[in-house]
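To start, the structure under review is shown below, and the notes come after it.
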Ligand code: URA
């Protein structure tokens, strides 16, 4: 029995190669952002492998043939603000017309509960596939709250893409959302006392936006 049945780690050499440079603390901001874009494109390829397709008739220069297309308006990309923004462009390279539905959460200082400060619900959520994106699955708190929010608004089909996952976060997320598959580039060792992932890559948002 797999320890984390809902987790898929992509061991593709290109993803692992790029992740090595993303982790490297000497990688400059510009390159960090470009590599994150590239890895998110590669992970998007994996995460969309079971998207339903529909048959259409296409006329080639020679004859009519049956082809298969996806319904791009059924795919919704959900970046968790702010670091999730770093994974948006890479997915849009593959599915340029999918909707982008941002989720903004903060932690209430007193209750420590996640509070929503930005969310615009989609129409017909039950017909769509939502791909949540956040580079780091650390404690799982914001990912769990975001999936809760999507489900409360009617989402039935959710996937979660991250670069680096901590076992603590995967455990918590799969307990809260056993129906949501997680796709990651790496499963790391664990969290430190400040909830940073080890070995990790540091603060993804700060490295993306140069706010260290
Ligand atoms: N968020 C980050 O950006 N990095 C971590 O290591 C954990 C959470």
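Glycine is treated like the rest: Cβ placed from N, Cα and C.
In TrEMBL, annotation is done automatically, which means it is predicted and not curated.
From a predicted model like this one, the values you see are computed outputs, not experimental measurements.
Lifted from TrEMBL, the feature list:
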- 82, 107, 134, 135, 136, 137, 138, 139, 140, 141, 142, 203: 5-phospho-alpha-D-ribose 1-diphosphate binding site (BINDING)
- 197, 202, 203, 204: uracil binding site (BINDING)
- 10-211: domain 'Phosphoribosyltransferase' (DOMAIN)
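Its Cβ taken as reference, residue 82 (5-phospho-alpha-D-ribose 1-diphosphate binding site) is surrounded by 16 other Cβ atoms within 10 Å in the chains shown. The subset of binding-site residues (82, 136, 140, 142) lying with their Cα within 10 Å of the Cα of residue 203 (uracil binding site) consists of 136, given in sequence order.
Distance noted between the C-alpha atoms of residue 140 (5-phospho-alpha-D-ribose 1-diphosphate binding site) and residue 197 (uracil binding site) is 11 Å. Checked against ligand 1, the binding-site residues 136, 138, 142 give 136, 138 in sequence order as having a Cβ less than 6 Å away from one of its atoms.
In this view, residue 136 (5-phospho-alpha-D-ribose 1-diphosphate binding site) is surrounded by 27 other Cβ atoms within 10 Å of its Cβ, with every protein chain counted.
Put simply, residue 197 (uracil binding site) is 15 Å from residue 142 (5-phospho-alpha-D-ribose 1-diphosphate binding site) when counted between their Cα atoms. Among the residues 82, 107, 134, 135, 136, 137, 138, 139, 140, 141, 142, 203 said to bind 5-phospho-alpha-D-ribose 1-diphosphate, no two Cα atoms are farther apart than 18 Å. Set side by side, the binding-site residues 140, 202 differ in how many other CB atoms lie within 10 angstroms of their CB, and the most is found at 140.
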